[in-house]
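Taken from TrEMBL as is:
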type	residues	note
DOMAIN	A:5-275	domain 'UvrD-like helicase ATP-binding'
BINDING	A:A26, A:G27, A:A28, A:G29, A:S30, A:G31, A:K32, A:T33	ATP binding site
DOMAIN	A:276-558	domain 'UvrD-like helicase C-terminal'
Amino acid sequence: MNLKAELNQKQYIAASTIDGPLLIIAGAGSGKTRVITFRIAHMLEMGIPQSQILALTFTNKAAREMAERVRELTGKKLPQLTVSTFHAFGVKVLRDTISSIGYKDNFSIYDTVDQISLLKESAREIRFDMEDENPQNILGIFSRIKTKRGDWDEVTSYYQGLYASYQRHLKLYNAVDFDDLIMLPIHILDTHPEILNRYTERYRYIMVDEFQDTSMGQYRFMKLLADGSRNICVVGDDDQSIYSWRGANYENIISFERDYPELKEVKLEQNYRSTETILEAANTLIANNTNRKGKQLWTGTKSMNKIEIAYPANERDEAQFIAEQIKGIHMRDSIKFGEFGVLIRTNTLSRAIEELFLMENIPYKMSGGTSFYQRKEIKDMICYMRILANPEDDVSLLRILNVPRRGIGARTLEQLRSLADMHDWSLHTAIQAAVYATDSPFSERAKTDLRSFLQLIEAFRPKILSPRKIASTLKELTDAIDYWEYLLQEHPKDEKIPTWKWRNIEIFIQSIEDYEKNPDNMNPSLFNYLNRISLTTKDEPDDDEGKVNLMTIHSAKGLEHEVVFLAGVESHIIPHARAIEDDPANIEEERRLFYVAITRAKQRLIMTSCRSRKVLREEMECLPSPFLEELPQHLLQETEAAADVEAAEATDYFQLLRKKLGGV
DNA sequence: GGAAGCGTACTTTTT
DNA sequence: GTACGCTTCC
């Protein structure tokens, strides 16, 4: 491997500097992934054992891609190389060490939906009134407390008791939430020097991708691991920091410079992705942000196309326009469907577009959004699996206790809950007591129903825990509970729905089977499988090369496409009205978001801004995004959105628009 | 006491 | 479109 021939001079320095702290500022499209993969390959070539290398990323997609590229480059399987997201690495650490803080290693991981159920349970027990409360808000407060981003204040103190209850229940259910995946490992490493030592001895070379998106917790986690060797390389771009709402703190770049004063810094500014037009637009836009490290991207790629903007009448016409453009460009310029990206600010904007893609037979895939695993029928299956893995997991138990209907209703549940609350038991323990205790106050009928539920769990638990028996046991379980009959019963009007849902379950079971049969999988246990799917939002593998990529701007980060459509470029969507409401200073993050969207495009960028859009049933007038005014107008070109607009209406509109854009 | 049926309020971004 | 809560039915 000849690094010098493969990389430009800056890239070469970044890839060949492997000892000591290194800060790489990598602009959009500057070949960052290439540098990282070459850097790892170079380390391996220098004789560093793969087990000593740890690469941390932010998303599963990035992790998967990085691992794949290193394998391709080296032609080796590298089973001991660790490339993972922060959260997945947290799980790995917890699996090995969580017993040191009194949890069991079969812990469940709660996603947002589970967290809300847990919150409601916690509130119920301490008789906290949840009327007029927004669970998401409360969870936001809890998250800030847990990750030490904030402290209790006059407003939030009100929830302190609820937080204590929430935490107590997590532990009682042997469960952790997403924040725990970062904070608990930190706690363990902080308080157990011998465990910390084990990790710092093992991982001698650490790399962190998308560093601008790391939270304070993730930074501490990284620092704990890295302080043994101080061979720590972080790669980031402050202009692409778009996760501050989740605690990302791009000031970590400053902390890094402070904590590792001996660091070397490399700035990658040559862009290999986009045309001059697109880069000039992006540079001009982002220069409006005040809080940034200066950076100017440049490229040698000449432009053929201006940035296009169309103003469709409504979201239907917008979808129509995008579909037609894609078809046209696909045919005329023979650009594969897989080279198109359609970017949206919010998941809800996908609906109209998806509908038209289906109608026009345009193959597409939507990444992000409600994941496969969040679908009701799949979530039911997962909760059964979680109960089998961890019977104390009340959140999962509550979900499936009466699914399918087995006669356990509100009254029985209430009795169970008071029994559990009284003794600080999980519901599972309470059920056992209800069934087997001699002085049980439960009705004979309730006891019979509960007993058969317990027997079901007891029968299937050893089965599903035996090696490579997850898929087959789950199949058996769905038959035993007659889930098909349940689906029919729940949807009596339309047999299409049960058929569709049953099909999803079959797909799910098949994917488990694939997981179990994969020879590269050293330890395909139920726990590992559950942990894995808790951390991935996506449907199973996305090897569909020939499909248009429809996704949110957030999930588009790190990707690139020949032709990029940016839909819904309207004043309340980007910048999002809600974000600005929260804090007007959020405009800078929204601008970065727009910047990320623009810089995904290699050849062509086509934006659409609807004149009206249906929001929650109601038709709403829309104005173009103010960010459009910030782009150099000579780079823009208006494209007629073919639509049945009345001419007069259109003229009025364009006058309004010119006024707005021209400031006259 | 449990199941089924109807009305209402909410969708910013994700591990 | 959907998920939850409240009411009525069996």
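Using the three backbone atoms N, Cα and C, a Cβ is placed for every residue, glycine included.
For the recorded ATP site, residues A:A26, A:G27, A:A28, A:G29, A:S30, A:G31, A:K32, A:T33 set the reference point as the centre of their Cβ atoms, and the other residues of that chain within 8 Å of it by Cβ are A:V35, A:D237, A:L268, A:N271, A:Y272, A:R273. Sequence-distant neighbours of A:K32 (ATP binding site) (same chain, six or more apart, CB under 8 Å from its CB) are A:I24, A:A26, A:D209, A:V235, A:L268, listed in sequence order. Long-range neighbours of A:A28 (ATP binding site) (same chain, six or more residues apart, CB within less than 8 Å of its CB): A:D237, A:D239, A:Q240, A:N271, A:R273, A:S274, A:A282, A:L297, A:Y595, A:V596, A:T599. Within its own chain, A:T33 (ATP binding site) has A:E65, A:M66, A:R69, A:G558 as residues 6 or more apart in sequence whose C-beta sits under 8 angstroms from its own. Model confidence over the domain 'UvrD-like helicase ATP-binding' (A:5-275) stands at 92, taken as the mean pLDDT rounded to a whole number. When the neighbouring Cβ atoms lying within 10 Å are counted for each of the binding-site residues (A:G29, A:S30), the highest count belongs to A:S30. Taking each of the binding-site residues A:G27, A:G31 in turn and counting other Cβ atoms within 10 Å of its Cβ gives the largest count for A:G27. For A:A26 (ATP binding site), other Cβ atoms within 10 Å of its Cβ number 26.
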